[in-house]
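Over in TrEMBL, the protein carries these features:
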- B:58-166: domain 'Plastocyanin-like' (DOMAIN)
- B:239-333: domain 'Plastocyanin-like' (DOMAIN)
- B:525-643: domain 'Plastocyanin-like' (DOMAIN)
- B:1-31: signal peptide (SIGNAL)
Amino acid sequence: MKALSLLVAAAPIALATPVTAQDHSMHNMPGMTMPAKPAAKPQAKPTAKPRPPARTKAKPAPKKPSPAPAAAADPHAGHTMPGMTMPDAPTQADPHAGHVMPDSAAVATPANPHAGHDMSGMAGGMSHDMGTGGTALPPGNAPAPAAPKPNYADRVYSPQEMADARAILRGEHGGSTFWQVNFNLAEVQIRDGRDSFRWDGEAWFGGDINRLTVKTEGEGEFGRSVDDAEVQALYSRAIGPYFNLQAGIRYDFKPNPSRTYATLGFEGLAPYWFDVEGALFLSDKGDVLGRLEGYYDQRITQRLVLQPRAELNFAAQDVPENGIGSGLSDIELGLRLRYEIKREFAPYIGVSYDRRLGDSARFARADGEGVGGPSFVVGVRTWF
Amino acid sequence: MTRTIDRRQLLRGATLAGGGLALSAYMPAWAQTTSGGIVKPMPTVSGDDITLRVAHQMMMIDGRESHAIGINGTAPAPLIRLREGQNARLTLTNALPDEQTSIHWHGLILPFQMDGVPGISFPGVEPGKSFTYEFPVKQAGTYWYHSHSGLQEQMGHYGPLVIDPAGEAPIASDREHVIMLSDHSQLHPHVIFRKLKMQGGYFNYQKQTLAGLLRGEGQSAKERADWGKMRMDPTDVADVTGSTYTYLVNGHGPLDNWTGLFRPGERVRLRVINASAMTTFNVRIPGLKMTVVACDGLNVRPVTFDEFQIGVAETYDVIVTPTDDRAYTLVGESVDRSGMARATLAPREGMAAAVPPLRKRPLASMKDMGMGGMDMSGGSMAGMDHAAMGHAMPATGAATGAMAGMNQGGAPQAGAAVDHAAMGHTMPAEGAAASGMAGMDHGAMQGGAGGQMAGMDHGAGGMNHSMRDFSNAPGVKKTPTVQTISPMPMDRMGEPGQGLENVGHKVLVYRDLMAVDRNPDVRAPDRAMQIHLTGNMERYMWAFDGEKLSEVKDPIPFLEGERVRVTLVNDTMMGHPIHLHGHFFELVTGHGEFAPRKHTVMVQPGGTATFDLTADAVGDWAFHCHMLYHMHAGMMQVVTVRPRGGDAA
């Protein structure tokens with residue numbers, strides 16, 4: 001503690017020394033390779049004044065000679081020059097305060113960007129301030145002890161109270177559960193004469209790894225019954241930093257007849273920031289369907305976001321009673337521009353193009369239904 | 001010089017403070033909008049028997065009232081002023097209706113059962129109950145205290161703690177001010193945490209945009225694609241930002257303009273405390289040089305600079321000597337430059353100086369992703385970013401220094417041969433370079449290991465395959481918490497912190513710090529270990545070594561008296577202030593027996609920080625990231641220190 005006041009007292013004396021010997025406000029001299037240049041020391045100090053006795057008291061020189069291995073491990077053990085800092089100098093404007101002296105003159109090379117600063121005067125003053133012990137020493141390789149139970153407080157406080165507190169501690173630090181409801185699509189689709197509605201959302205409850213996820217999507221025309229409506233109830237498990245594996249049940253209320261499927265899928269964030277999901281569905285009739293869905297949020301400004309989106313539905317076979325044809329049965333492409341009034345609440349406008357393909361289109365025509373087309377959409381993307 | 005306290009000056013200060021009282025009735029005296037400087041004694045919050053009552057209250061910031069949790073009717077909590085050598089007796093009464101509370105004395109050396117962490121050091125304090133902390137005060141300096149229960153800290157349950165030295169003050173000053181920086185949101189902390197869980201980038205309104213690209217801002221399209229491929233956002237500098245935070249000085253917003261008085265020519269000691277929940281600040285006082293005299297409470301040798309970065313929970317004591325009869329603005333800029341804390345130092349009340357505009361927000365670099373040695377395009381050593389390195393090196397030295405950084409991934413085998421911190425400097429000979437290369441242990445680098453740095457000149461995309469290579473971090477569990485693993489983390493303790501590489505003036509770095517007193521334990525470490533800081537911004541999960549506290553099986557064990565070299569490896573793109581309770585540790589920054597001793601260390605993005613710890617305090621101790629929501633998400637562990645020879649519990 002006293003060292004500093006002594007330093008303070010020493011400041012005026014030290015101030016009298018030439019600038020070259022003083023400008024050490026940055027203590028470390030990383031670039032120096034002193035041990036290799038003992039010859040530099042003797043003539044290094046001529047400009048520096050003799051140190052006030054207080055200094056030596058403040059920083060005792062290391063008592064033991066530096067062991068060779070330590071020196072090898074840390075070639076810079078002698079390089080710091082604390083004693084030369086002039087904290088209290090009233091005229092303290094240190095012209096080199098911003099310069100870490102990278103390099104002793106001894107090892108100056110053309111690459112040295114600070115070559116203009118003559119550091120040679122410092123070499124001698126630096127050699128013994130830091131000592132060669134402590135953090136300069138390399139570590140040994142003792143084994144780590146076995147981990148005990150972290151219950152030392154049980155000897156001071158009620159073990160039962162501590163057990164309860166530990167349970168709370170662990171639960172609160174990484175074990176919390178959350179829930180979210182999220183509708184990526186909730187919109188009106190305006191097209192030739194027949195306006196319809198469309199939704200696509202999901203909700204989840206759980207922790208970081210295990211979650212119960214409920215998904216729903218569907219569409220319908222205003223004034224008619226809902227055309228398509230499905231709900232999935234899934235167990236979702238994080239299988240990596242970005243992706244969840246999801247398995248459960250899908251139930252289609254519409255179209256008639258309703259169907260139940262076993263579901264296995266994934267959902268996550270793909271490279272280039274694509275939000276993707278995909279699933280296979282096995283119906284109670286043995287039919288196999290598949291789905292791929294993805295979107296990308298292109299931020300135009302901090303709040304204006306353009307979202308291209310695609311959804312593809314596949315089938316392994318024709319399911320005529322539900323109007324599903326084998327192969328790529330339908331596609332849905334969208335481009336939506338939203339404004340995030342809040343992250344959670346973003347009205348949007350856009351265009352959507354949906355189309356039944358192959359046998360699906362044939363089934364639709366046979367039923368007197370359209371096979372799809374473009375529409376203008378207005379909606380709100382929301383989560384809470 | 002001796003410490004001079006001018007009584008009339010103090011009285012005048014007190015009078016000025018009184019003028020602001022009507023507006024700031026909730027503020028403790030030391031934090032009044034105009035403060036004459038803290039003085040002792042502070043009757044309400046010092047002495048041998050202190051009572052602290054934790055309760056809900058309101059607080060006023062920039063004219064807006066918000067809900068807070070305070071102590072003795074003030075939020076932030078009152079200054080506690082103790083004296084080295086006294087026995088502290090502090091009785092905490094929990095007047096919250098329905099939740100536990102606690103106080104942790106940040107940075108204090110005390111018996112573990114007084115450390116105040118529910119579930120580790122004691123059971124916590126139930127509503128309506130009291131708990132008395134009693135411990136001998138064995139140190140002096142600038143510290144702080146805060147709740148360790150839930151997220152109460154974000155709501156105002158924090159305050160400064162200053163301990164005067166037993167003997168003569170070793171640091172002379174004519175006057176001193178506490179400068180406690182913090183962050184405040186109108187949102188309840190649970191709401192903030194939930195939003196982060198829903199969407200990690202929720203509060204980031206400084207993302208890269210198409211409009212920005214067209215204006216030529218930020219990264220090029222190619223770089224954006226490369227980073228997008230890795231699902232990394234270079235604008236992800238702070239999780240919670242100025243979009244919801246108001247940054248405070250002593251509990252006051254920028255409009256409140258807390259003012260500390262001085263007389264021209266005085267040496268003014270600023271006790272700067274970062275009591276934020278989440279905010280790393282870059283602090284400067286345009287027009288004034290600062291000289292650090294203490295860090296984390298302990299005295300360091302003076303270093304003068306223009307700006308310094310302060311991680312959450314760190315403290316820096318700096319001396320300024322304003323000579324002009326004018327006001328100065330103290331700026332605490334959030335690391336992501338989304339807002340600032342602002343205060344004024346002035347000779348008289350009511351003065352103000354220009355407030356500099358926010359600087360451009362930094363973008364994370366390859367180095368921030370843990371590709372420390374890769375930051376040299378063209379393969380030429382001369383192209384190395386000397387400024388960012390914090391220390392320039394001669395040509396061959398640069399190669400070896402960079403290699404040293406790479407080495408750290410495989411530190412266990414390299415550790416015995418070479419001191420990492422020292423390697424961060426320079427190795428003189430080509431032979432050293434060769435040894436550095438030998439220690440290199442990265443699948444990704446095999447191609448470049450022939451000794452040609454040019455081999456490392458990959459674009460970001462080229463590195464994609466190695467961004468989550470667990471062979472670079474053998475101790476890390478393969479969990480969804482681990483989004484990335486730094487392929488080549490380098491020691492960044494010689495660097496000034498994110499966004500401060502090229503600010504055009506001197507910025508303090510850890511390597512500048514050097515203890516005044518010889519370190520109490522100068523033995524070589526018995527062993528070395530690594531702890532990885534891991535996270536997943538997409539899921540907002542944070543952990544040590546890939547396991548959240550809710551998942552870990554075992555604590556981190558130490559034996560009493562054991563000395564261990566701990567290297568913290570940041571596998572994330574965000575700086576983490578890591579705090580160990582109950583101990584000071586010595587930073588391994590090339591200062592031998594005069595290493596700076598700290599209780600909290602910032603580990604820069606994608607980099608490493610190394611310290612030597614003497615585990616001398618038997619008991620169980622918390623060890624965590626001091627970013628509140630990181631800790632809450634799981635970035636916490638228990639450190640056990642047990643007597644040798646095992647006295648069974």
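Heads up, the Cβ atoms here are built off N, Cα and C, so glycines get one too.
Remember, TrEMBL labels are computer predictions, not curated facts.
Residue counts for the domain 'Plastocyanin-like' (B:58-166) by DSSP state, with H, G and I taken as helix and E and B as strand, are 7 helix, 52 strand, 50 coil.
Assigned with DSSP, the residues of the domain 'Plastocyanin-like' (B:239-333) fall into helix, strand and coil as follows: 0 helix, 51 strand, 44 coil. Note on the domain 'Plastocyanin-like' (B:525-643): DSSP counts are 9 helix, 65 strand, 45 coil.
Within the model, the domain 'Plastocyanin-like' (B:239-333) carries an average pLDDT of 96.
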